[in-house]
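**Student:** Quick paste of what Swiss-Prot says about this protein:
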- Asp118, Asp280, Asp319: Mn(2+) 2 binding site (BINDING)
- Asp118, Gly119: Mn(2+) 1 binding site (BINDING)
- 82-328: domain 'PPM-type phosphatase' (DOMAIN)
- 23-43: transmembrane segment (TRANSMEM)
Amino acid sequence: MHGRPSRPLASSSSSSSSRVFSFFLAPRVFLFLVVVVVVVFLPGRSSCWWLEGTEELEEEMGFAGDCSPVSGGGLSENGKFSYGYASAPGKRASMEDFYETRIDGVDGETIGLFGVFDGHGGARAAEYVKQHLFSNLIKHPKFISDIKSAIAETYNHTDSEFLKAESSHTRDAGSTASTAILVGDRLLVANVGDSRAVVCRGGDAIAVSRDHKPDQSDERQRIEDAGGFVMWAGTWRVGGVLAVSRAFGDKLLKQYVVADPEIKEEIVDSSLEFLILASDGLWDVVSNKEAVDMVRPIQDPEQAAKRLLQEAYQRGSADNITVVIVRFLEGTTTGGGPSREAASDQNS
């Protein structure tokens, strides 16, 4: 009676223990799986969000693995300018920023073509503009003789062609376009949306584009004159939907959200040091003056672009981040001191 329990009793005890074990373990296994799914597939966060605050961010660029920015650069054959770029999804799970850096020859003239394209509603519009805008521009019959007209017409033509290509899509997509065209000693900056162009001239940080926002008085008036409206929905939005007042695409709002670029021209002389083109992933957290001060001592434009990208990421930018820098080499000054904020700079 007091010997070893019979085998069935041992089996019964084991079965009872298993049931107790399962009772406590199963919910924990389920909870663990839920946590894994939530962490891995958490919407709105990049696959690299977990690097924040860890020692990996102390590396030279503050990124690791899939978080490393795409970067590169080059030098024009005539030696008059160099360029660099850096681009990364940042804290976003998807990438909707695109960029273009291109050196071409037209009628014996060396042409520099640089652009940043920040998509919304997906990447389709930004990718299309990257692939077609500059190709359309250099084929324009007035490209050399009347370059400003050529730029304006090409922006609108490319927008129209994209909208035709979008006819089968039910979801709207759009894109900003901040571009710089370098022809001889002329720098022409054309902008649609809220990507921004800033130059450093003689130490001054000067915005050479305007962020197109629907709460600007002239933009709001244009939208309302066209039959649209602007309302507050977290920020001022066209039709309560779109936070920029000009863009490529956005076919459902096209009557109000135009692709007419604002174009500014700068003369390339010894006082013009460099140009920064960037998406709002940079400008949301770094002022024009701060960006110029960071770039000015760095002669390699690729390293300068990576420096700005790193700074925006570490300051908590919630968006994709793309930076293109063009440094003008002929007769430029290369001071390393802090820049002066120009009076005309309204976007700092």
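Glycine is no exception: its Cβ is also placed from the backbone N, Cα and C atoms.
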**Student:** Given the recorded Mn(2+) 2 site (Asp118, Asp280, Asp319), which additional residues of the same chain have their Cβ within 8 Å of the Cβ centre, ordered by sequence?
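**Tutor:** Nearby residues not in the site list: Asp97, Thr176, Asp194, Ser195, Ser279, Gly281, Leu282, Trp283, Asp284, Asn320, Ile321, Thr322.
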**Student:** Which has the fewest other CB atoms in a 10 Å radius around its CB: Asp118, Asp280, Asp319, the listed binding-site residues?
**Tutor:** Asp319
**Student:** Could you list the residues of the same chain, at least six apart in sequence, whose Cβ is under 8 A from the Cβ of Gly119 (Mn(2+) 1 binding site)?
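**Tutor:** Glu96, Asp97, Phe98, Ala125, Ala126, Glu127, Ala173, Gly174, Ser175 - these are the non-local Cβ neighbours of Gly119 (Mn(2+) 1 binding site), listed in sequence order.
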**Student:** Find the average pLDDT over the domain 'PPM-type phosphatase' (82-328) in the predicted model and report it.
**Tutor:** 97
**Student:** Secondary structure at Asp319 (Mn(2+) 2 binding site) (DSSP, helix/strand/coil)?
**Tutor:** coil
**Student:** Using DSSP and three states only, what is Asp118 (Mn(2+) 2 binding site)?
**Tutor:** strand
